[in-house]
């Protein structure tokens, strides 16, 4: 009986002959967390669009934010550059993106249980990425451009807005949040894949 239990325990770690390291385990947790946040962002954005009148949807679709506040953070411009980037670089960019949402995410909270998950989930993800950075650093300076970590909140974040501007701000925040969580999910997935030499990390 003990032998069967031992065999099941080994199989539960996966079919790979390679042991699962602490780094792989941390990456799996981080990827799972950002996937949850990305799905949550997609759901919130979809629910928000569904709540709009047709005229409001058309108006907001015309101003879809091509530029988000976090675009000040230098990141790979395409999938090829992403694949060429080092694990440490991808982790560093992911950390900056998550950190840039610490203040704006408060505006997304409230009103529903899913919305109230955003800030604590971001904090958990940020801590996990920080641990991964420390585990992968090799003496290089992780954040050479400290200004990137001090991004100002979205321009009208603290202002009292009229109904139309408030609607636009919410739309922009949700759209940019969805965009950035997709970026972080991509970067962490590629970085995690690098730990498995046999894996195909093609995007």
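Each residue's number is its place along the chain shown, starting with 1.
In case you wondered, yes, glycine gets a Cβ from its N, Cα and C as well.
What Swiss-Prot says about this protein:
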- 36, 185: Zn(2+) binding site (BINDING)
- 68-176: disulfide bond (DISULFID)
- 193-201: disulfide bond (DISULFID)
- 18: pyrrolidone carboxylic acid (MOD_RES)
- 1-17: signal peptide (SIGNAL)
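Sequence features annotated in Swiss-Prot and their locations in the structure.
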residue	record	DSSP class
36	Zn(2+) binding site	helix
68	disulfide bond	coil
176	disulfide bond	helix
185	Zn(2+) binding site	helix
193	disulfide bond	helix
201	disulfide bond	coil
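When Cα-Cα distances from residue 68 (disulfide bond) are compared across the recorded positions 36, 185, 193, 201, the shortest belongs to 185.
For the pair residue 185 (Zn(2+) binding site) and residue 193 (disulfide bond), the C-alpha distance works out to 12 angstrom. The number of other Cβ atoms within 10 Å of the Cβ belonging to residue 68 (disulfide bond), over all protein chains shown, comes to 21.
Residue 176 (disulfide bond) is 16 Å away from residue 36 (Zn(2+) binding site) when you measure Cα to Cα. Packing around residue 185 (Zn(2+) binding site) is summarised by its Cβ count: 21 other Cβ atoms lie within 10 angstroms of its Cβ, all protein chains included. The most crowded of the recorded positions listed here (36, 176, 201) is 176, judged by how many other CB atoms sit within 10 Å of its own CB.
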